[in-house]
Amino acid sequence: MLARAARGTGALLLRGSVQASGRIPRRASSGLPRNTVILFVPQQEAWVVERMGRFHRILEPGLNVLIPVLDRIRYVQSLKEIVINVPEQSAVTLDNVTLQIDGVLYLRIMDPYKASYGVEDPEYAVTQLAQTTMRSELGKLSLDKVFRERESLNANIVDAINQAADCWGIRCLRYEIKDIHVPPRVKESMQMQVEAERRKRATVLESEGTRESAINVAEGKKQAQILASEAEKAEQINQAAGEASAVLAKAKAKAEAIRILAGALTQHNGDAAASLTVAEQYVSAFSKLAKDSNTVLLPSNPSDVTSMVAQAMGVYGALTKAPVPGAQNSSEARRDVQTTDTSIEELGRVKLS
């Protein structure tokens, strides 16, 4: 009777403490199955059996047989993944900003024996451990890093929980931060900082665009000048090559004409033909001067055409300054030279008409 009264009093105290803390253990809500000798354990559950108050064994899923009176099912542990909402709590960052943060915890019981005898309420213990670990990890980071390094923060919390909860037979699979609430003033300052950062980026992008545009324009002008100079260079080279070709062609033609003329002069009466040609050109030059300009070069006797022809032939002889090839004798060459000297002396001065 005293034992029953003590157990009843303990149950009432436990229920009162549970109601005061706002949590309900899973084992208390579902109750424990009775020993009916033949038991069927559901899949993904582990029943902890005590014999005469001491741990006896863990019932596996399926058919199991127990001894009446001696054996008692003391704990029922679920081996499924358990989802626990971590209540919202306050935490202070490295730069002394107070945050309100909550999360979701995913865990699984790996050892039913440790989960039954290692801790009174494993779920509640893990929840409290997650809260303390989260406060500790947030104290190592500044406010900006809390938002940037959210994944690494979750991983650090999981590692810390697994190290502490190993003796409880529980493994934390993952932890996710749900919401992070900052004070209104801090939120306003963060918004201003974001706007300033955006304006800064816009200004930088605009300046970079202007810079690239100026570079492109300068590069275009440079390329245009280079292409223009190369085109001018090519044009000058082509023009010079054309002029050189023309000069060479004229020189070749003139040389060929001189060779032909020299060959003609060596023939019979070639000197006489050359003298006649020079005389004709001499007379033609005087006629052109009279047509093109008011300046006229008058011979000593303009009415005597014969004297003009003689003067022209004298000029021809002076230019040759040598006996004409094919002449009959040297006396004729001397006579031509004398005639040239006389003709040169008879040339008149330039007079204005």
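Cβ coordinates are placed from backbone N, Cα and C, and glycine is handled just like the others.
Looking at 101-138, 215-252, 291-328, the range tied to coiled coil in Swiss-Prot is 215-252. Ranking the modified residues Lys145, Lys233 by how many other Cβ atoms lie within 10 angstroms of each Cβ puts Lys233 at the bottom. Taking the C-alpha positions, the distance from Tyr124 (phosphotyrosine) to Lys233 (N6-acetyllysine) comes to 90 Å. With a 10 A radius on its CB, Tyr124 (phosphotyrosine) counts 16 other CB atoms from all the protein chains.
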